[in-house]
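Trainee: Before anything else, here's the structure in question.
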């Protein structure tokens, strides 16, 4: 292969890679669960509910989803760039058990800010799960079953050691 042919192939490969990157948006899309009665999706600018929402320590996860959501939205209102530490601290202050929580990292393995942070509370045999970040389209809260292996979040989580 001549030098000129190699240069042309390299240029074509670079153009193809650039075009392919433009088509994918740079990151792999995350699966979006279908909406269910136990899921809450609210942009951060929505009006607050008018009636008081309370923590129900003897209730179900479903009973506590409105309170979980209210706590998370309060964190976001106070700090639009809130990270996992902020959500965990606010949930603990609201009455949830820190030992039953999980949280993902605020940064990627390359040290870049994460597209979103997820946190959970294993509560009464179910999971209250929250997600927030620039790539998640606002705040999302949901109740899901515990994982078969225990816990609520799939993948790497960080220690809640503060």
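In case you wondered, yes, glycine gets a Cβ from its N, Cα and C as well.
Marked as compositional bias 'Low complexity' by TrEMBL: 26-44. Look at TrEMBL and you will find 75-156 tagged as domain 'DUF6993'. The feature region 'Disordered' is assigned by TrEMBL to 26-59. Under the heading signal peptide, TrEMBL lists 1-19.
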Trainee: Give the mean pLDDT for the domain 'DUF6993' (75-156) on the 0 to 100 scale.
Mentor: 96
Trainee: So, by DSSP, how many helix, strand and coil residues make up the domain 'DUF6993' (75-156)?
Mentor: 18 helix, 26 strand, 38 coil
